[in-house]
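Database features, via TrEMBL:
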| type | residues | note |
| --- | --- | --- |
| TRANSMEM | A:41-66 | transmembrane segment |
| TRANSMEM | A:114-134 | transmembrane segment |
| TRANSMEM | A:141-157 | transmembrane segment |
| TRANSMEM | A:163-181 | transmembrane segment |
| TRANSMEM | A:188-211 | transmembrane segment |
| TRANSMEM | A:231-255 | transmembrane segment |
| DOMAIN | A:232-426 | domain 'ABC transmembrane type-1' |
| TRANSMEM | A:267-291 | transmembrane segment |
| TRANSMEM | A:303-323 | transmembrane segment |
| TRANSMEM | A:357-384 | transmembrane segment |
| TRANSMEM | A:404-428 | transmembrane segment |
Amino acid sequence: MSDTHAQTVAYVRDTMLDQQDPPLNQTGAVKWIRENLFSGWLNILLTLLSLWVIYAALSHLLPWALRGIWDASNLSQCREIIAELYGPDKPAACWAVLAERWPQLIFGFYPKELYWRPILAFLIFLAAVAPVLFSSVPRKMLWVSALAPFVLFWLIWGGSLWGPIAAILGFVIGWAILTFAAPKIGNLISVILAIVVPVIYWLTLCGPLAGALASVVPLSLQTVPTQNMGGFMLATIIGVSGIVLSLPLGILLALGRQSDMFIINKFSVAFIEIIRGVPLIVWLFTASLLLNYFLPPGTNFDLMLRVIIMVTLFSAAYIAEVVRGGLAALPKGQYEAADALGLDYWKSMRLIILPQALKISIPGIVNTFIGLFKDTTLVVFIGLLDPIGLSNSIRATTDWNGVYWELFVFIGLCFFIFCFSMGRYSLFLEKKLRREHR
Amino acid sequence: MKKTVTLGALTVAALAAGAAGAATLDDVKARGELKCGVSTGLAGFSAPDANNVWQGFDVAYCRALAAAVLGDPMKVAFTQTTGQTRFTALASGEIDVLARNTTWTFSRDVDLKFEFVGVNYYDGQGFIAPKSLGVASAKELDGATVCIQTGTTTELNLADFFRANNISYEPVPIETNAEAQQQYLAGACDVYTTDASGLAATRATFETPADHVILPEIISKEPLGPLVRHGDNEWGDIARWTLNALIAAEEYGVTSANIAELSSAPTNNPEINRLLGTEGELGAMLGLDAEWAKRAIMAGGNYGEIFEKNIGEATPIGLSRGLNAQWTEGGLLYSPPFR
């Protein structure tokens, strides 16, 4: 080391200075606000404008909502209380209508003393979807998922427990044929038998068997007819059934549309295009009106079942197209790799193609589901009591004629909670599955 | 074109259902429940209360019918029908009787193959306008914007009225009554037109009802009544005479308060005796027992009591009897004699 500088430079610092905090206006919230909200005259202007708009909206909405009356037996009484408390020109919400009628908005006309049944059904439903949605849940819970549809049906509609049990037996028969008979009689025949035998069983033996069992050990809940169901319960039943049934159907249709087999391919294309090319409301009217003409008079084919079938078919067509998008996005090499490994069609689909294609399709699928769930409100036009229909019925009573916003705010909030959580779940799933960028 | 197709489809359905539903009475008795179609919501006419029990003027008729046939006014399954679904629901046998403030018209009776069993409310189309508009008659409405529900007879009546009076208007199409109320209050239209009963019910919900006037003109006839399918005259008779029993009961002064006393022993009015089954065989002719009318009246009272309870002047809807008074009091209600 030279010592030249030791003479020429008066002072040399031989220790490091401690780090200083950045200046106050370059850190934390202040910096963020300066950079994002007030970084130039245009942004300052837009920020102020936005603040004013937010203030204007909230200054009307919040006092109206917060002043709200929760305890009144009808609208005119509610208005009197408001006038008494706040004077004439102060608007206030009449939340009392919700306080009195919220069970109706949630459950429709389901008997009050049986509310525990749909609530329990909802909890079981949550337990049943947990293992499907989250891989951290123990795999054994999948048994709950498999049995849930039957238990839920029994809880919500009531009737004899032996009906669902006899129906499960059909699946057991199919499974038994696949496992035990397949090695002896060959794959194709056993698959066909596993489909045909349970169907024959359901059509012929299932009913009498359930009846016989019920006469020996009567295990039944009070039956609740479909027409007593309404509100969010109805929307959830239709929405969830539609979602659960349309996903597998949609995937099959997407595969069918890609298939080389002429009839399957053309059938899938025709199905998708026809269903997708007609508005849902038309299909709902078909379900409620036209089917009555085709079925023999006196047949009582449950309206909700008809609606669920239509909604399922409708959203399956959309899901098929979304999944087809995912399939098309896969590089050809993936298909070829699957072939090169010697996998047959179903194995290559199950192990290689679909896991990737479905991952790509998640946002689109969830988007379709959210749309489907909200579309359940369309059933109001065929006389089913969805939340909107119930809001009309509540308004038709002399007590609450003239109430609008309170009911719609409540319905909107409930739908938002459902749809927002679906959207969040889809984001969670995308993050979890995003392997290539990790 | 669209209408023709609908009518054609309805006709086919009515023919098919007419053959199958020839014995509605037996079906209802076997089922133990009357299926009654009501509206999705019209204040005072049909609406569920907080305990899920249906209430209203149309509902009361269904309860009376159930009481007459099944002996229990609560054994009714109410099906909500919209303007579009009501006729198919009846034609296909989904409901046994439709009591949904439906206007009795020629084409509905003849072409759609239904049978109106009477009139339970004489309505007519009217106008409501804000007082500040300063009109005293509908004929002064030249150039006004009019809120009107689409697809109803009111739309056609409105066009007829304005054309007949040689004045112009601008329609504001609206889907439901609830929407119409909001639009009218928001000033989207100068006047709102629908059935006068609906106008009164609507006005009753306003924060300041006194600021709005119902104009004196009634521009159409809207006889509202229950209806059944063509082809089952026995069932039609039961539905018709249940309605007549309610009306006749008011005329003869039979109320839910004194019916127990009047029916315990024959009175000196033979008409009441035949009505209540203490004399004669009227019930058996209908295929019911002798006390059918007694039960129907006890379900919710006579016509007057039902009216007062659901839509009368003591209720927020506050309709006066007007045309719906008994013929003895200057109204149109006139039950054929029970003999």
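A Cβ is built for glycine as well, from the same backbone N, Cα and C atoms used for every other residue.
Keep in mind the model is a prediction, meaning the values are calculated, not measured.
The highest tally of CB pairs under 8 A with the transmembrane segment (A:267-291), across A:114-134, A:163-181, A:303-323, A:357-384, is held by A:303-323.
For the transmembrane segment (A:231-255), same-chain residues at least 6 beyond its ends with a Cβ under 8 Å from one of its own Cβ atoms are 104-108, 110, 118, 122, 125, 149, 156, 268, 271-272, 304, 307-308, 311-324, 327, 349, 354, 358, 365, 369, 372-373, 376-377, 379, 384-387, 390, 414, 418.
Beyond its flanks by at least six residues, the transmembrane segment (A:163-181) meets 147, 150-151, 153-154, 190-191, 193-195, 197-199, 201-202, 206-207, 209-210, 213-214 of its own chain at Cβ-Cβ distances under 8 Å.
Between the transmembrane segment (A:303-323) and the transmembrane segment (A:357-384) there are 3 or more Cβ pairs closer than 8 Å, counting only residues 6 or more apart in sequence, so the two stretches are in contact.
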